Amino acid sequence: MWKMEKQPSALSRNPHELYYLRMQRTKEKMDREKPEENLYQNKRRLKVCVATCNRADYSKLAPIMFGLKSHPEEFELEVVVLGSHLIDDYGNTFRMIEQDDFDIGSKLHTIVRGEDEAAMVESVGLALVKLPDVLQRLSPNILIVHGDRFDALALATAAALMNIRILHLEGGEVSGTIDDSIRHAISKLAHYHACCTRMAEQHLIAMCEDHSRILLAGCPSYDKLLSTYHRDDYMDIIKSWLGDKVKENDYIVALQHPVTTDIQHSIKIYGLMLDALISFNKRTLILFPNIDAGSKEMVRVMRKKGIEQHPNFRAVKHIPFEQFIQLLSHAGCMIGNSSCGVREAGAFGTPVINLGTRQTGRETGENVLHVRDADTHNKIYHALELQFGKRYPGSKIYGDGNAVPRILKFLSSIDLDEPLQKTFCFPPVKDTISQDIDHILETQSALAVDLGGTNLRVAIVCMQGNIVKKYTEPNPKTFEDRMHLILKMCKDAVQDAVRLNCRILGVGISTGGRVNPQEGIVLHSTKLIQEWSSVDLRTPISDALGLPVWVDNDGNCAALAERKFGHGRGVDNFVTVITGTGIGGGIIHNSELVHGSTFCAAELGHIKVSLDGPECSCGSQGCIEAFASGMALQREAKRLHDEELLKMDGMDMKLAEPITAAHLISAAKNGNSKANAVLHKASLALGVGIVNILHIVNPSLVILSGVLASYYQAPVQQVMLERALFSAQSIKVFKSDLEEPALLGAASMVLDYATRRTY
């Protein structure tokens, strides 16, 4: 094994020194060429405190520190070191700050060992106890805080409470763990922001931060890595860490940290990653995880697998950033969940395998292959086979190498005489309701509209799914009459809602046909509703009522109703099939409604189960709807009746009564073999269609809704047992318990959106 301090003679010169000298020369050149535009002229010195907590944030803060140091007449730099910098197990990385010739004003031992959740909380508390004395003694004009670590949260909290201005670096980003909450909390405490990407800037604006105090700077580490990674001695650096036999692009860099919101799963992924790397049999440089809760267990896993003694591995606690750049830029692959994999590695086009959820939401280049559900050794091994040795185009999502000059200019523009109290830019709110007892006691409700082929129905539906009041009228035949009636019924319902103490949050509309729910437009209607294609429902109803409007087709609404109020509650994947006049339905996959690219997903009635068969209303032949819908059964009932083969002893049939599917079912129950044959064929067609659905989307359960659901439930379950693949035979068929699925589904769109739940 190599010793960490052993480095080749080519590395004896400190690259940070060169960086510092370059900054000085750049400034001198600017002063000579444009003395009148000196940004800092006639400004009082700004006392800037830079606080660094660990090796990762120092790589982002160091370029700024060098920039501040190169302008001593404009900035007075104070350096505070805390966190894992001062722990031997993590490399005592404060020494590299001293080697970079920075005077450390204060060293705060703030880490409570334990590497679990409680230790993280205690570390924040210990930092809050120690920081006030330091900040009071230094009395900086501004504190620069980086990122999303728990140490940084303590820094921002202390500074905010002590009325010290805060500049937060890398706010507005999204990563998918507790780091998100910490990062956003620091952003709310900070007075100024230097973000890396346009999306992060938009997130900060959406968080009501003042746009004038947000700088789109890019990542400061890019200033260093883009200017220094083309070094002639890169192979000397690589060999110093991985041995003389290693070749360029023929080794792996691994860096995996714990996920504090799911520690046990992240430890499992870590073990699987190590197994895959052992099997892959390539030289690997693996860095110890950070100090978050779970890191101690991850180190135990590494040592249990003998990684530190394994001939293919070199396990290290710390690598100087400028050397890490060389190792990363010339690696065959990087694997793990470190942010440098989705940020810095992209600048070089290094292939990256991102494991788990720690970086979910980060902007990435095409060099990153995500293995979010890294639950098997084989899956990770296959990702290594796909990525190792590739090269991708360099990406500059996170910076262009000019972040530090922008940040220095931004700092110089800060007016210390302006009020310290930060303000938030909240969007305007219309019709603010005062917080009084009447408002509190109101029932949050939705206005639900169901456009059927025969009737038009409107209902007031409360949050619990109870229908407070329902209105029913015949559905007019023309577009103008229909729209007029919809608006009249909705306005009447809104007036009644006031009397019934219901606060209407919005309008949800369920209609037959193909719907674009994003625009609120009925694209094509069923034959049952005339003059109902290319109709914008959202705009006129929203304008007339002053309420938000959501629109979807009746099948999707039935699925939404089951998800919120029925058998689908708490189920991530299920299918609802409506068995009524026609056949329709909706698919819930990963808790989301599936619409499809042209909004015709889940047209379940038009799944073909026969190459010929009876003609369907869609114009095709052999669809489920042509066999099993209420219209299809009514057609067969009329045929049998015309042939005088329908009526049986015990059946009550009046002469003037129209023949329906109910007569067919009644005849079958009374032993009519012809009726039984028709129903058997219909059940088989529906069952085969549902088996096809099982084999495509593999839901957890099937819910039958509509007037024919109670009859079809048992036959469909039997067809599934006989014809589905073995792994799908255990899926259960439930009959919906909801009496008004269309209205409840329309209401759920409103209630879920308006209360910020997922639709």
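Our numbering is plain: 1 for the first residue shown, then up by one each step along the chain.
Placed from the backbone N, Cα and C atoms, the Cβ positions cover glycine too.
All annotation found in TrEMBL is predicted automatically rather than curated by experts.
If you look up TrEMBL, you'll see 73-411 marked as domain 'UDP-N-acetylglucosamine 2-epimerase'.
Among the features that TrEMBL reports, N-acyl-D-mannosamine binding site is placed at Arg514, Thr526, Asp554, Glu603, His606, Glu625. Spatially close to Asp554 (N-acyl-D-mannosamine binding site) yet at least six residues away along the chain are Asp450, Gly452, Ser510, Thr511, Gly512, Ile578, Gly584, Ala742, Gly745, judged by Cβ distances under 8 angstroms.
Taken from TrEMBL, the feature active site covers Asp554.
The Zn(2+) binding site feature in TrEMBL is assigned to His606, Cys616, Cys618, Cys623.
A distance of 12 Å separates the Cα atom of Arg514 (N-acyl-D-mannosamine binding site) from that of Cys618 (Zn(2+) binding site). Cα separation, Glu625 (N-acyl-D-mannosamine binding site) to Cys616 (Zn(2+) binding site), rounded: 7 Å. Counting only the Cα atoms, the space from Cys616 (Zn(2+) binding site) to His606 (N-acyl-D-mannosamine binding site) is about 8 angstrom.
A Cα-Cα distance of 5 Å separates Cys623 (Zn(2+) binding site) from His606 (N-acyl-D-mannosamine binding site). Taking each of the binding-site residues Glu603, Glu625 in turn and counting other Cβ atoms within 10 Å of its Cβ gives the largest count for Glu625. Of the listed binding-site residues, namely Cys616, Cys618, Cys623, the sparsest Cβ surroundings within 10 Å are found at Cys618. Taking the Cβ of His606 (N-acyl-D-mannosamine binding site) as reference, residues of its chain lying under 8 Å away and at least six apart in sequence are, in sequence order, Cys616, Cys618, Ser620, Cys623, Ile624, Glu625. For the domain 'UDP-N-acetylglucosamine 2-epimerase' (73-411), the mean pLDDT of the prediction comes to 91.
On its own chain, Thr526 (N-acyl-D-mannosamine binding site) has Gly453, Gly512, Gly513, Gly582, Ser617 as residues at least 6 apart in sequence with a Cβ closer than 8 Å to its own Cβ. Residues Gly512, Gly513, Asn553, Gly555, Gly582, Ile583, Gly584, Gly605, Cys618 surround the recorded N-acyl-D-mannosamine site, their Cβ atoms falling within 8 Å of the Cβ centroid of Arg514, Thr526, Asp554, Glu603, His606, Glu625, which are themselves excluded.
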